[in-house]
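Asks: I am attaching a structure below and will ask some questions about it afterwards.
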Amino acid sequence: MNIAIVGTGYVGLVSGACFAETGATVTCVDVDENKIEALKKGIIPIYEPGLDELVVKNVRAGRLKFSTCLPDIINEQEIVFTAVGTPPDEDGSADLKYVLQVAKTIGENLNRYLVVVTKSTVPVGTSRKVYTAIKKELDKRGVDVQFDVASNPEFLKEGNAIKDFMSPDRVVIGVESERAKKILTKLYKPFLINNFRVIFMDIPSAEMTKYAANSMLATRISFMNDIANLCELVGADVNKVRAGIGSDTRIGRKFLYAGCGYGGSCFPKDVKALIKTADDNGYSLEVLKAVERVNERQKGVMFEKLKRSFNGESLAGKKIALWGLAFKPETDDMRESTALVVMKKLLDEGCIVTAYDPEAMKECKRIMGDSIIYCNDMYEAVNGADALLLLTEWKEFRLPDWEAIGRSMNRKLVLDGRNIYDKEDLNEHGFEYHCIGK
Ligand SMILES: NC(=O)c1ccc[n+]([C@@H]2O[C@H](COP(=O)([O-])OP(=O)(O)OC[C@H]3O[C@@H](n4cnc5c(N)ncnc54)[C@H](O)[C@@H]3O)[C@@H](O)[C@H]2O)c1
Ligand SMILES: O=c1ccn([C@@H]2O[C@H](COP(=O)(O)OP(=O)(O)O[C@H]3O[C@H](CO)[C@@H](O)[C@H](O)[C@H]3O)[C@@H](O)[C@H]2O)c(=O)[nH]1
């Protein structure tokens, strides 16, 4: 089966490598020539566990190829997926220019039947726009080629992308033609051989499912962050509350972790876009508006705690160490990460910021330049520091040598934004310790 994936980012590259792993012949297409050149040499542009091996293996097997030219390969494909970015526009709506550019290119070059599948996260009605854009170009050329559009939103999480893609909880496909449904069933069968969890539905419902899923998950997090802040005021412990409510199967245990706010390329942008879709349709999504407000506030909580620990004393000139810069562990992605908000606040206050992240140092340098001090490891970052802020719960931060850290810090103060340390343990080592929701 020949398929192409247009847009070779987190989603496009992971999907391409995983489809190739099941035996499909996949061409990953991108307009970024440097990225494609690097991939052809086996250099993977992002950090995602297991991705290097999977890409290299499938390239060697001849099942995974790269191209910068969709027109060259389009008429050899049965399916073309669009996995380009849909960044937020100034008003919060999803910017569809890349998706529609791809549709135009398809219409300008298509000569035989094709299923065009939108994998990017797009608002309801986008597949219709994709259909119209392709048809318009075909009509201009005066050719009568059959094609179908479908919606297949992606639910993978960064840092766990390959596992999520290879063994999905479910695959959602919005499709309105039997021919396209049959082709997509064939493609997804290898992933779900013994338990075919593909949910077919109409296209608008598939498009909406993606936003509703991310919004529900973001809601759980903001809800727990709100409860955590209240726990602090009334003397409860949010970790115990989480265990207490998560054991109710109607609630479930996942995505209930209070912390210093959610980030990433998806939750913030998708919550905004859904709010905008509703506003455009004359409906106000009150719950989601609150979810967003709570998250904005939560990203400032670590800084507020730091200020409180210094009891009104100026933070200017204080050396503050940050552990974790990525928006979550196991990725180098810093889009909308809490660290960006914290760094800005610290620098505005005149602090000296030292930082360490196992994978996101290069990305941080690209964004922050020389405004902070980049350290070679977690221990170098805390050397002479007046406080340590844990912002991303990487595994290597879980069991630090507190004795050594205590000797090297200027003030023994730890603020834990992901609740991974034990207060009693830290206090025993002579540290002042604060976390979220306790
Ligand atoms: N990152 C995730 O974890 C994730 C998960 C599920 C869904 N999504 C959604 O998937 C989509 C892609 O996200 P991403 O994180 O992979 O984006 P990304 O920014 O990592 O990658 C997008 C790629 O598309 C390329 N591109 C742009 N215009 C192009 C064109 N006309 N032709 C070919 N390539 C083009 C860019 O050069 C870039 O390499 C978004 O809609 C996002 O919301 C992302
Ligand atoms: O209990 C939790 C779980 C997550 N987070 C934070 O939420 C953010 C997002 O985390 P996660 O969902 O694991 O990563 P993403 O890669 O952004 O994945 C989300 O966004 C993707 C893009 O749409 C979807 O495909 C995934 O299903 C959805 O989980 C991160 O900042 C986490 O620190 C919490 O604060 N508490």
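Note that Cβ sites are derived from N, Cα and C of the backbone, with glycine treated the same way.
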Asks: Name the one residue among THR118, THR121, THR219 that TrEMBL lists for the same NAD(+) site as ASP30, LYS35, THR86, GLU158, LYS269, ARG335.
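Replies: For NAD(+), TrEMBL names ASP30, LYS35, THR86, GLU158, LYS269, ARG335; of THR118, THR121, THR219, the listed one is THR121.
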Asks: Based on TrEMBL, name the residue from LYS97, LYS319, LYS328, LYS344 that is recorded for the same substrate site as PHE155, LEU156, LYS157, GLU158, LYS210, PHE255, LEU256, TYR257, ALA258, GLY259, GLY263.
Replies: LYS328
Asks: Specify the nearest of the recorded positions LYS35, THR86, THR121, CYS266, LYS269 to LYS210 (substrate binding site), where nearness means the distance between Cα atoms.
Replies: THR121
Asks: Where the distance is taken from Cα to Cα, which of the recorded positions PHE155, LEU256, GLY263, CYS266 turns out closest to THR86 (NAD(+) binding site)?
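Replies: So, of the listed recorded positions, the one sitting closest to THR86 (NAD(+) binding site) is CYS266.
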Asks: From the Cα of LYS35 (NAD(+) binding site) across to the Cα of ALA258 (substrate binding site), what is the distance in angstrom?
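Replies: Given the Cα positions, ALA258 (substrate binding site) is 36 Å from LYS35 (NAD(+) binding site).
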Asks: Taking the Cα atoms as reference points, how far is GLU158 (NAD(+) binding site) from CYS266 (active site, nucleophile) in Å?
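Replies: Per the Cα atoms, GLU158 (NAD(+) binding site) and CYS266 (active site, nucleophile) stand 10 Å apart.
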Asks: Quick one: of the recorded positions PHE155, LYS157, LEU256, GLY263, CYS266, which has its CA closest to the CA of ARG335 (NAD(+) binding site)?
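Replies: That would be GLY263, the closest of PHE155, LYS157, LEU256, GLY263, CYS266 to ARG335 (NAD(+) binding site).
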Asks: Within 10 Å of the Cβ of THR121 (NAD(+) binding site), how many other Cβ atoms can you find? Include all protein chains, please.
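Replies: Cβ-Cβ neighbours of THR121 (NAD(+) binding site) within 10 Å number 24.
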